[in-house]
Amino acid sequence: MTLRIAEIFGPTIQGEGALIGEPTVFVRAGGCDYRCSWCDSLHAVESRYRHSWATMTSETVWEQVRRLSGDRPLTVSLSGGNPAIQDFGSLIAMGRAAGYRFACETQGSVARPWFADLDTLVLSPKPPSSGEEVDWDAFDACRNLGVGARQQVMKIVIFDETDYQWARDVHARHSDLPLYLQPGNTEVNPAAPVDLQALADRLGWLIGKALADGWFAPRILPQLHVLIWGNKRGV
Ligand SMILES: C[S@@+](CC[C@H](N)C(=O)[O-])C[C@H]1O[C@@H](n2cnc3c(N)ncnc32)[C@H](O)[C@@H]1O
Ligand SMILES: Nc1nc2[nH]cc(C(=O)O)c2c(=O)[nH]1
Ligand code: SF4
Ligand SMILES: [Mg+2]
């Protein structure tokens, strides 16, 4: 199976959501069916970056993961782009046979049988500020295949009041999925410094809102990697 890969890096720590702080190697797939207005990973999305993506076999990807992790099993994080537009089934099978765990981040627009072989499926439906519209039938199909995964969680990025209300509606319809919220990062240029105080202020705003509303269901987290390394790539 050949895969279009934008980058493979690590070990680092998972900076977002349910596995925050966990050591991991990232495999970032090239290509996405969405164009979120605020995407922080456009180098893995837009075709003008295609020349920097590598066509690799699953075996070669697996060799790199093993090399980066020193053959010590850890969690491999599949991200992108949308990893679900490709077939990661054989990479997952090879890794699991060696005791590695797999997590996948996807917007929930394309369902794949290999979701069932994951340890963690992170579904991240996109709020209005992204400019994308969620296909809820496709999202449900992802949920159904993800039932086989060890855990399935939802992560929503919040930029403004409209996104917040939207997240509350989505949670009301999917209240069985553990929910993680993270404030959006408005500065995604890897060369630009991030304003840590502005990030903290947006996190404080989001936490304050949920607490004031008595909405105690979500865990609300910063992007830990952004606090440490800013918008640097490959970390
Ligand atoms: C780059 S995406 C790749 C995986 C998949 N396409 C998705 O969106 O779930 C990984 C995660 O980063 C989040 N993300 C992207 N841009 C962001 C930004 N500017 N601020 C906060 N989170 C962002 C996405 O919502 C998603 O949860
Ligand atoms: N450390 C770290 N954590 C992350 N969590 C989600 C990421 C992503 O871009 O998918 C990401 C990333 O790029 N780096
Ligand atoms: S779905 Fe994910 S990778 Fe694709 S454009 Fe949106 S945030 Fe970026
Ligand atoms: Mg990211």
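Cβ atoms are placed via backbone N, Cα and C, with glycine included.
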- [ ] Look at the S-adenosyl-L-methionine binding annotation in TrEMBL, where Trp38, Cys39, Asp40, Ser124, Pro125, Lys126 are given, and name the residue from Gly81, Gly89, Gly204 listed for that site too.
- [x] Gly81
Task: Same substrate site per TrEMBL - residue from Ser69, Ser79, Ser90, Ser109 joining Ile13, Gln14, Gly15, Arg28 - done: Ser79
Open item on the list: Can you name every residue in this chain, apart from Ile13, Gln14, Gly15, Arg28, Ser79, with its Cβ inside 8 Å of the center of the Cβ atoms of the recorded substrate site?
Closed with: Gly10, Thr12, Glu16, Thr24, Phe26, Ser77, Glu105, His225
- [ ] Would you kindly give the Cα-Cα distance separating Cys32 ([4Fe-4S] cluster binding site) and Trp38 (S-adenosyl-L-methionine binding site), rounded to the nearest Å?
- [x] 14
- [ ] Can you tell which of Ile13, Cys32 has the least company, meaning the fewest other C-beta atoms within 10 angstroms of its C-beta, among these binding-site residues?
- [x] Ile13
TODO: Identify which of the following binding-site residues, namely Gly15, Arg28, Cys36, Asp40, Pro125, Lys126, place a Cβ less than 6 Å away from any atom of ligand 4, and list them by sequence position.
DONE: Asp40
